[in-house]
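Engineer: Per TrEMBL, the features are:
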type     : residues : note
TRANSMEM : 6-27     : transmembrane segment
TRANSMEM : 48-70    : transmembrane segment
TRANSMEM : 90-108   : transmembrane segment
TRANSMEM : 129-151  : transmembrane segment
TRANSMEM : 163-184  : transmembrane segment
TRANSMEM : 191-209  : transmembrane segment
TRANSMEM : 239-259  : transmembrane segment
TRANSMEM : 271-300  : transmembrane segment
TRANSMEM : 320-346  : transmembrane segment
TRANSMEM : 381-408  : transmembrane segment
TRANSMEM : 414-431  : transmembrane segment
Amino acid sequence: MAIHVEGLLAIVIFYVIILFVGIWAAWKNKNSGVGEGKDQSESIMVGGRDIGLFVGAFTMTATWVGGGYINGTAEYVYLPGYGLAWAQAPFGYALSLVVGGLFFAKPMRSRGYVTMLDPFQQIYGKRMGGLLFIPALMGEIFWSAAILSALGATLSVIVDININMSVMISALIAIFYTLVGGLYSVVYTDVVQLFCIFVGLWISVPFALANPAVSDIGITAVKKVFQTPWLGTIHPSDGWMWADNFFLLVLGGIPWQVYFQRVLSASSAAYAQLLSFLAAFGCLFMAAPSVLIGAIGASTDWNQTSYGPVPPIERDESDMILPIVLQHLCPPFISFFGLGAVSAAVMSSTDSSILSASSMFARNIYQLAFRQSASDREIVWVMRITIFVFGAMATALALLTGTVYGLWYLSSDLVYVIIFPQLISVLFIKGTNTYGSVAGYVFGLLLRIGGGEPYLKIPPFIYYPGWYEEEKMHHLKKDVEHIVVQRFPFKTVAMLASFLSNIIFSCVARYLFESGVLSHKYDFLDAVVSKHSKEIMDKTTLVGNENIILSEMAPVKTKIGSTLEGTFMNTDALCDEGETSPDLNNEHK
């Protein structure tokens, strides 16, 4: 393969800039957040809790606008039979940020947590926190691996360089500046990367539209020219499946450490909410060029291009439609700008995921579960080691397995089905305990895995109403694969079952122990009777601000609440009294 020197030079320049910004951010903020009773490890995880509005909005937007986001949006708009109607990511993730800002950002930030898993360990104990760490870790690692794999394929399409080399170099750069500067390096490089995505994609769109092989996308949106209209349709029989996927994006996009890391690093709870709303607008705006590129791919007569007469869909390359459009419909120097955009998108997501996974492990697994007496220096070194280890794991998955996207789809489903209902319970529902949490975990996992996963060739053992078998043709291999399609919204049903199981089993456990039906000695999880045992994390271990009100740590009371709302809803989470963030009080000084 002939290496495109200009493209390779453009990538080298881009990577040098990113590396310089990451190191500069680490040096500039090396003492930020340290002192005044705060540890260096906490500074690496959430900065000095002083991320401002401008930088915060950029980094929260860049968290979602990754390689999978821009490539996946273009792919679904291009795919015949799907189109814009099925490109749910831009609208789904934007609404996810809005919902997160309205209901979750304030209670998490105002209580001074450091990671997403803190409230789980506070209420359910260290062992349950460890169980919930598994799907959270899977989501972050598989997400990083998937986008690294996409980057390698993109670079091979446009620049003709070795896939393995491009993946390893990209991962090493992201790991290095994350190791050096922690959250500050990730945040400041996100600003540069988001700017590169914006310029790189938008500068490519006019040139692709002007290519003689491209028909008017206004016509192809509603009329069949080379393939079905790219606006797409939703058949009534697929309505429940569409809704299931949409709710997965909206609600399942909330319980991710990459999101809460930005929320918890904001300078106040009010800022955390505002950042979420600004990022929602940013996600929609940044998706526009991907939508246009997908529409351009669906409107192109590929026989008139250097790509050849066989369209990408018939080569099983529809997932690469964005780099294909950049390569074959744009001038070379323009396609390299687009290449920089894809590289920026990938790195902006990879560094965030690696830092998030290492933060949860170092704090919630190593420190709170195993070594509560660990020094700050020890925690910092554990973080640095796990940043490298998790980065290496993501890189190895990207290089060695062909089912990275399948793994990520499954892990993101588990985040939605398992962690989201637990997050609602721990923040807003009074009285849930470890027994209910375990039951919700098990029910959600069984119902989700029972529906199967075609990407990983996992057959279903639960056939939900409306299922059917579909033949999938692999054009290159010339073989047919039979897959089971579940039209029933089983993912959302599994999430609701997990949520209800948590509440029901928690209430049953409380009744059995508090009424004396079961002896207190059988409370082996120390979740009802022995609420203040060593198994439950003490609030001073989890948060450093002694003024923070954590009403969930109050002793168990058998008295029935005077109102239905007071009995079941944790109204403290939505009121202003709990907002005791020191940063909020000092914000205008």
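Cβ coordinates come from backbone N, Cα and C, glycine included.
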Engineer: Could you tell me what the rest of the chain brings near the transmembrane segment (239-259), counting residues at least six beyond its ends with Cβ under 8 Å?
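Structural biologist: Beyond its ends, the transmembrane segment (239-259) has Cβ neighbours at 60, 63-64, 85-86, 88-89, 91-93, 95-97, 99-100, 104, 115-117, 136, 139-140, 349, 352-353, 356-357, 359-360, 412-413, 415-416, 419-420, 422-423, 466, 485-492, 495.
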Engineer: Does the transmembrane segment (320-346) reach the transmembrane segment (414-431), going by 3 or more CB pairs under 8 Å (6 or more apart in sequence)?
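Structural biologist: In this chain the transmembrane segment (320-346) does not contact the transmembrane segment (414-431) - fewer than 3 Cβ pairs sit under 8 Å.
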Engineer: Could you give the residue numbers and ranges of same-chain residues that sit at least 6 residues beyond the transmembrane segment (414-431) on either side and whose C-beta is under 8 angstroms from one of its C-beta atoms?
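Structural biologist: For the transmembrane segment (414-431), the list is 104, 107-108, 116, 119-120, 122-124, 132, 135-136, 138-139, 248, 251-252, 254-256, 437, 440-441, 444-445, 447-448, 491, 494-496, 498-499, 502-503, 506-507, 510, 552, 567-570, 573-574.
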Engineer: Of the stretches 48-70, 191-209, 271-300, which racks up the most C-beta pairs under 8 Å with the transmembrane segment (129-151)?
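Structural biologist: Selected stretch: 48-70, with the most Cβ pairs under 8 Å.
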